[in-house]
Amino acid sequence: MSAKIISGTEIRKEILGEIKDAVTEMKDKYGTVPGLVTILVGESPASMSYVSLKIKTALSLGFYEVQESLSVETTEAELLALIEKYNNDDSIHGVLVQLPLPKHINEQNIITAIDPDKDVDAFHPVNIGRLMIGGDDVKFLPCTPAGIQEMLVRSGVETAGAEVVVVGRSNIVGKPIAMMMAQKGIGANATVTIVHTGSRDLATHCRRADILIVAAGVPNLVKPEWIKPGATVIDVGVNRVGTNSETGKAILRGDVDFEAVKEIAGKITPVPGGVGPMTIAMLMKNTLASALAHSS
């Protein structure tokens with residue numbers, strides 16, 4: 001029997017509907033709406049497309065949205081000055097700088113320049129520290145890990161006491177989702193193992209998992225024989241493996257051999273249509289949370 005598909009597209013619709021209702025309520029109560037500035041440096045097609053989607057989503061929810069499109073020759077000092085401007089702008093509740101940046105700009109300097117209380121990507125060291133502490137100290141959750149946790153909760157996956165194996169140790173996905181799953185709370189309380197390129201016998205670790213979260217960036221890395229029967233498999237990978245000759249669009253594959261693994265797993269996310277749609281939804285949720293914190 002094939003696994004149940006966890007659709008990030010459908011869950012995203014639910015979340016955006018809830019956010020839109022909350023924005024209407026906020027406007028009625030406080031006379032303001034969430035404000036988000038998106039800052040893009042250069043003309044990378046992938047970054048331009050992603051920023052465009054973020055802007056479109058924000059506007060559809062009734063946010064106040066400001067777009068700053070800067071030349072690839074913009075200096076680090078100029079970018080820092082622009083961030084400072086929006087840090088001090090009370091109409092802006094979220095400051096988002098699209099990564100990656102041109103090589104002459106130090107990304108960490110830019111991330112740390114953003115006001116932690118407007119850091120809706122949750123990349124600032126202060127927000128990473130708050131995540132480590134947990135509880136009421138957490139203002140924002142990193143967007144992709146938050147999307148994963150939301151998918152687990154809304155699809156009825158029991159996490160308390162579960163064996164969770166995270167494949168990948170990036171600062172954006174692997175480390176934060178492992179930390180979040182180990183915390184006390186809803187969608188957490190799990191026993192977590194992180195595995196990576198330096199781990200021995202990857203398959204053995206994966207076979208222990210009640211919940212397997214794969215963020216390795218290697219297409220079709222995880223095979224069906226790595227899966228515990230009935231496990232929940234969350235595939236974070238988005239790998240371009242070619243181009244469709246008829247449509248000209250990229251062919252995407254996850255880190256999991258989806259067709260084979262779905263015959264073993266109990267629940268599984270597809271690529272595309274799984275974790276991907278959740279990331280922007282959680283960015284909007286963070287921006288709303290920031291706006292409410294600044295307004296109340």
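First residue shown is number 1, and so on along the chain.
Each residue, glycine too, has its Cβ placed from N, Cα and C.
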Binding-site annotation, Swiss-Prot, NADP(+): partner of Gly168, Arg169, Ser170, Val238 in Thr159, Thr191, Thr197, Thr247: Thr197
Maximal Cα-Cα distance (Å) across residues annotated as binding NADP(+), namely Gly168, Arg169, Ser170, Thr197, Val238: 18
